[in-house]
Amino acid sequence: MATIIKTHGGQTASGPTLRGAAYDLTDMAAQADQYLAQIRAEAVKVVEQAQQEAAAIKQQAEAAGKKAAEAAIERILDEKVAQQMRTLTPALQAAAKQVEDAKQEWLRHWERTAISLAAAIAERLVRAELTRRPEITLEWVREALQLAAGSGDMMIQLAPADQSTLKKQVQQIASVFAPLAHVTVTASEAVTPGGCRVVTEFGVIDQQIETQLSRIKEELS
């Protein structure tokens, strides 16, 4: 703000006139206004910079808060999943065991069924073969006599039809494989066609088809 000093004379006895001093004050006022303007500009810059920094800090805080929130959510989810797994694991293990048990039971059932089916097929084939090759019965008689070696008295039982047709051949086989034993050849309704039984003092050797297949099934089971 300019200051105007009015005087009645040009100079005084002590020095320069007051007009020069008034001009100096005007210059100082202008400089002061300029300085204040600079200060205001600097202040505006400081405020703007502070606002920018505050915005950046806010953005960073939001990002950090978002990351922290995401991490917290992930931890919560992990804990929930872990808790659920701890709860479900025994049930899953029990279910897996049930599946494995069922699988093993099915395999055992399949094996039994397959063996029974194979035995039934084999019995049919053997019986069909016996009608064409009755000497198979003689081979079974020989095997039974070899197993009964050392017995004193023996009784060879055949199916009635086989006894009438194979008696002589059976006696010949007995004379070779049990020469010291007293052997009789008899017919028995309990013996199925094609099979034979050798009864000794120590037990019975059963060479019937179904008995042989039963032994095979037991070995395979």
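Think of each number as a place in line: the chain as shown, counted from 1.
Using the three backbone atoms N, Cα and C, a Cβ is placed for every residue, glycine included.
TrEMBL entries are annotated by machine, without manual review.
Model, not experiment: these values are computed from the prediction.
For reference, TrEMBL has these:
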| type | residues | note |
| --- | --- | --- |
| COILED | 40-67 | coiled coil |
| DOMAIN | 91-215 | domain 'Flagellar assembly protein FliH/Type III secretion system HrpE' |
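Broken down with DSSP, the domain 'Flagellar assembly protein FliH/Type III secretion system HrpE' (91-215) shows 80 helix, 21 strand, 24 coil.
Confidence over the coiled coil (40-67), given as mean pLDDT on the 0 to 100 scale, stands at 74.
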